[in-house]
């Protein structure tokens, strides 16, 4: 399995830096999940204490301000990588592979729905990328 996925990768001979965005997406997703879990350990969703819990994360939790900033800016970087990954697919004609392209479209829609639920609904604010 590892040989087929890493060594005999079905990539074109003219591979370029555009192909790095898929790997960056995986790194961003792992970072978002980890920082989200760390933030969720200290976050309170009650309407009267939600803002206070965010202040608590930034002031009292060790490196909480850094975790919050990585999570917030990582979301923007994640969507930038998604759009660059889609642009690479459009440029190289990956939309001709219908099954792969449709899976990517479904993943994009699921990601945008997750961003909507995660950022728009709790705070009543608009997300930069998801909405």
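Cβ atoms are placed via backbone N, Cα and C, with glycine included.
Range annotated as transmembrane segment by TrEMBL, chosen from 54-74, 75-95: 75-95. Summarised by DSSP class, the composition of the domain 'Cytochrome b/b6 N-terminal region profile' (1-131) is 97 helix, 0 strand, 34 coil.
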